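S.K.: Handing you a structure now.
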C-alpha cells in the first residue's frame with residue numbers, strides 16, 4: 001500500500017513539473033522562439049559522413065612482418081657499444097651468434113655525435129663504429145638526441161632491431177608494435193620480442 005502511495009506521489013510531482021513548462025503555443029513566447037521550439041531539426045542528407053581510418057602497418061603483427069628477417073638490420077645505440085666493450089664482446093660476431101644469421105649493424109649520425117661528445121674515454125667505441133662493416137645512416141633532422149632519432153626511425157620503418165641497454169629507450173621501443181630489442185646480458189646478446197617465425201633461432 002505504501003508503495004502505491006509513493007508511486008502516485010511521484011506521478012503528481014511529474015505532472016506538476018510538466019504543467020510548469022511553457023508550451024510552444026504560449027502567448028509569452030516571441031515568434032522567433034516559437035519557431036525554434038516547433039520546427040524539428042532537419043538532418044542534412046546532402047552531407048556524407050567521412051570516417052578516416054589510418055592504414056595499419058602489417059609490421060605491427062609479427063606473423064605478417066616480412067620486413068624482419070635475415071639479413072637483420074640492427075640500429076645500434078651508444079650504450080650498447082659501451083656495454084659490448086665492457087663485456088669484451090665482438091659486436092658483429094656476437095650478433096650473428098645470437099640470431100644465427102647475417103647481421104648488418106647501423107650507426108646514425110646522432111649516435112656518432114653522442115659518442116664524440118663523450119670525450120677521449122670513448123675513443124675505442126668511436127674506432128669500432130667507424131669499421132667498414134658498420135653502415136652509416138645520415139640524419140636529416142635538427143638536434144643530436146639519439147633516443148628520439150632511433151624511436152622516429154623504427155616508427156617509420158619496421159625493418160630494424162634496436163640494440164640498446166638504455167631502460168628509458170627500451171620502454172619507449174616496447175610501445176611500438178613490431179620492433180624487437182637486443183641488449184647485453186650475462187656476457188652475451190639477448191633478443192627480446194622477436195617474430196614467431198624467428199623466435200626459435202633467437203632462443204637457441
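Heads up, the Cβ atoms here are built off N, Cα and C, so glycines get one too.
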S.K.: For which of the residue intervals 1-48, 49-96 does TrEMBL record region 'Disordered'?
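M.R.: Residues 1-48 are the ones TrEMBL records as region 'Disordered'.
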S.K.: Near the compositional bias 'Basic residues' (1-12), which residues from the same chain, at least 6 beyond its ends, have a CB less than 8 A from one of its CBs?
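M.R.: Contacts with the compositional bias 'Basic residues' (1-12): none.
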